[in-house]
Amino acid sequence: MQVTSSVREPLVTGGKTYHDVTHDVSRHVEAKPNIRWFLAFLTSAGVLALGSIAVIATVWEGIGMWGLNKTVGWAWDITNFVWWVGIGHAGTLISAVLLLFRQKWRTSINRAAEAMTIFAVICAAMFPVLHMGRPWLGAYWALPLPNVFGSLWVNFNSPLLWDVFAISTYFSVSLVFWYIGLIPDFATIRDRATGLRKIIYGALSFGWDGAAKSWSRYESVSLILAGLATPLVLSVHTIVSFDFATSVIPGWHTTIFPPYFVAGAIFSGFAMVLTLMIVTRKVYKLEDYITMGHIELMNIVIIITGSIVGIAYITEFFIAWYSGVEAEQYAFINRATGPYWWAYWSMMTCNVISPQLFWFKKIRTSIVATFALSIVVNIGMWFERFVIIVTSLHRDYLPSSWAMFYPTWADVGVYLFTFGLFFTLFFLFAKFFPVINMAEVKSVLKSSSDKVHK
Amino acid sequence: MERDTHFVTGVYEDEDVLLQAITQVRSSGIKIHEVYSPYPVHGIDDYLGYKRSKLPIAAFLFGLLGTTLALTMQFYMMKFDWPMIIGGKDYGAFPDFIPVTFELTVLLASFGMVGVFMVSTNLKPWAQPRIFDLRITDDKHVMAIDIANNSAMELAKIEEILKSSGASEVNKKSFE
């Protein structure tokens with residue numbers, strides 16, 4: 001039964017009953033995959049296969065396959081790493097921070113956003129692992145295993161090592177959080193199924209029985225995990241920013257990096273959620289669950305975080321001038337007017353100017369405009385990381401070492417590989433997993449009620 | 001299960017009716033075995049008289065364990081086992097150890113708590129749950145009453161109370 005309140009817009013439209021929720025979400029898992037799904041899946045798997053040539057070449061030949069040189073030692077690899085990790089921030093933000101703030105609209109989008117988070121973090125992790133050059137020895141460099149390659153232990157003073165702990169903790173806690181939420185929904189699919197599907201989803205549902213006691217514990221676990229994941233999600237991009245901020249490269253050595261990176265991460269993450277959800281809601285006809293209200297709220301988050309990012313860019317510039325340090329001043333003038341001016345101004349246009357269009361209600365409630373701008377934002381956020389990394393490095397301390405960075409086919413190929421991986425995983429998720437958290441949507445159908453009609 | 005267990009189940013359509021029914025059934029002296037719902041019903045613990053979950057305590061203790069392990073590990077490795085001067089810092093550079101300590105605290109607290117949750121709720125891939133009604137994961141709430149635990153009351157009387165409390169159906173269910 002759908003409930004309407006006289007003072008609030010319903011979170012789910014279309015007069016859905018509990019059974020409708022079950023049916024609208026489960027039917028996509030139960031239906032045979034159609035030709036469009038196969039085409040989409042095969043395309044992304046094809047990109048994955050194509051990109052894996054570059055990955056194999058990189059592992060076989062070494063990272064000399066990339067366009068790095070002795071001046072620009074970090075370029076596309078770390079740009080892509082930070083970009084993917086940033087995208088991976090929206091899911092846990094939606095499910096954890098919005099849970100603590102009791103934002104009930106999150107229930108329709110948290111499942112897919114968390115899935116996106118997990119896949120994005122997997123893609124991100126590809127880059128530091130490949131950048132090791134000899135990833136099969138990586139465990140000695142990344143984990144506290146005693147070895148004689150250098151010092152006995154890893155260096156706990158290094159932000160790169162903090163990153164290993166931050167990313168792996170973030171990945172595993174997000175995965176557990178996501179899976180706990182999936183258990184009751186797998187049970188729903190189990191109870192509708194027969195035969196093999198019943199056995200598979202029965203195992204996936206871990207024998208969920210829906211008892212009040214189980215739900216009570218489930219809610220306890222969700223709340224505590226949300227409480228733990230909230231500082232965790234903020235810590236991850238903070239620590240990623242430490243990779244830069246704790247070094248003494250002009251353009252990196254700034255205390256503004258942690259909040260600025262976190263805001264940028266939420267900004268790009270919400271943009272990616274919008275890109276994916278706009279397509280998913282259309283293809284799966286979920287417009288009653290992911291309503292215009294959801295899209296508008298996410299667009300408002302994009303305006304806020306986009307403006308924070310914009311202010312951070314300007315502050316950085318001001319502080320570089322105000323510090324009186326010539327190297328810092330040069331680094332920033334060089335960003336805006338040097339050989340990489342086009343990257344800087346792409347970043348400024350995509351991240352600072354274009355999201356301001358969302359101040360117009362017409363634009364932030366338009367599907368087409370939101371979809372287009374969400375892609376623009378992610379292009380802008382890629383350029384942001386490229387600008388920070390490459391333009392700060394390419395002017396070395398000695399002018400004789402000044403260089404440019406040119407990506408090779410292997411750089412492009414590894415980036416394509418992660419796109420293939422991301423979309424292959426997302427299409428598998430969209431087909432075999434319930435894309436909307438049914439149990440939580442059911443729990444908000446009625447909660448804002450003052451009137452019930454059947 | 002060796003012996004057969006027999007239950008009477010009341011099926012409820014609406015969570016508000018269900019909560020009222022729980023009060024009514026309990027006040028008439030019937031012991032409720034358990035209530036099954038498709039989603040978490042707000043406040044149902046209080047109606048059923050369940051105590052608050054102790055999972056937060058488990059999370060805290062596991063978190064404390066994580067903090068201790070992380071600090072012990074870092075001080076042992078960096079200060080005692082293989083001291084090296086890095087960036088002119090103290091061997092035991094405490095502020096540098098905070099990020100990893102934080103991450104391991106969160107990691108152990110989460111995994112520890114989820115582990116306790118899985119064990120206490122008997123969640124495992126091979127678990128065979130008692131499903132009182134297939135619709136409890138769809139759109140119905142089911143109140144189960146163990147007949148053996150309510151032998152003082154006649155079966156017909158229990159069924160009548162369930163009906164009058166607003167149950168849309170009253171069924172019997174047995175498990176081997």
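The backbone N, Cα and C atoms fix where each Cβ goes, and this holds for glycine too.
Here TrEMBL flags A:37-60 (among others) as transmembrane segment.
The transmembrane segment annotation in TrEMBL covers A:80-101 (among others).
If you look at the transmembrane segment (A:113-133), the same-chain residues 6 or more away from its ends with a CB under 8 A from one of its CBs are 55, 58-59, 62-63, 77-78, 80-85, 87-92, 94-95, 141, 163-164, 167, 170-171, 174-175, 177-178, 181, 269, 272-273, 276-277, 414, 417-419, 421-422, 425-426, 429, 433. Annotated transmembrane segment per TrEMBL: A:113-133 (among others), in sequence order.
Counting same-chain residues at least six beyond the ends of the transmembrane segment (A:160-182), those with a Cβ under 8 angstroms from any Cβ of the stretch are 85, 88, 91-92, 95-96, 110-111, 114-115, 117-118, 121-122, 124-125, 128, 142-143, 154, 204, 218, 221-222, 225-226, 228-229, 232-233, 235-236, 239-240, 242-243, 433-434, 437, 440. For A:160-182 (among others), the entry in TrEMBL reads transmembrane segment.
With a cut-off of 8 Å between Cβ atoms, the residues of this chain six or more beyond the transmembrane segment (A:221-240) that come close are 82, 85-86, 89, 92-93, 95-97, 99-100, 159, 162-163, 166-167, 169-170, 173-174, 176-177, 180-181, 258, 261-262, 264-265. Residues or ranges marked as transmembrane segment by TrEMBL: A:221-240 (among others).
What TrEMBL lists as transmembrane segment is A:260-279 (among others). Counting same-chain residues at least six beyond the ends of the transmembrane segment (A:260-279), those with a Cβ under 8 angstroms from any Cβ of the stretch are 82-83, 85-91, 93-94, 109, 112-113, 116-117, 120, 234, 237-238, 240-241, 290, 294-295, 298-299, 301-302, 305-306, 308-309, 312, 316, 351, 355, 367, 370-371, 373-375, 377-378, 381, 384, 426.
Beyond the ends of the transmembrane segment (A:300-322), by six or more residues, the same chain brings 251, 254, 256, 259-260, 263-264, 266-267, 270-271, 274, 328-329, 331-332, 336, 347-348, 351-352, 355-356, 358-359, 364, 373-374, 377, 384 to within a C-beta distance below 8 angstroms of the stretch. Here TrEMBL flags A:300-322 (among others) as transmembrane segment.
Distant neighbours of the transmembrane segment (A:342-360): 264, 267, 299-300, 302-303, 306-307, 309-310, 313, 335-336, 369, 373, 376-377, 379-381, 383-384, 386-387, 390-391; these residues of the same chain sit at least 6 beyond its ends, with a Cβ under 8 Å from one of its Cβ atoms. Residues annotated as transmembrane segment in TrEMBL: A:342-360 (among others).
Look at TrEMBL and you will find A:367-392 (among others) tagged as transmembrane segment. Here the transmembrane segment (A:367-392) has long-range neighbours at 72, 74-76, 78-80, 82-83, 86-87, 244, 249-252, 264, 267-268, 271-272, 274-275, 278, 295, 299, 302, 306, 309, 331, 334-335, 338, 340, 343-344, 346-347, 349-351, 354-355, 357-358, 405, meaning same-chain residues at least 6 beyond its ends whose C-beta is under 8 angstroms from one of its own.
Packing against the transmembrane segment (A:412-433) from elsewhere in the chain are residues 28-29, 33, 37, 40-41, 43-55, 57-58, 66, 76-77, 80, 84, 111-112, 115-116, 119-120, 122-123, 126-127, 130, 182, 276, 280, 284: each is 6 or more residues past its ends and has a CB under 8 Å from a CB in it. For A:412-433 (among others), the entry in TrEMBL reads transmembrane segment.
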Residue list, the transmembrane segment (A:37-60) vs rest of chain: Cβ under 8 Å, 6 or more residues beyond ends.
66, 126, 130, 135, 409-424, 426-428, 430-431
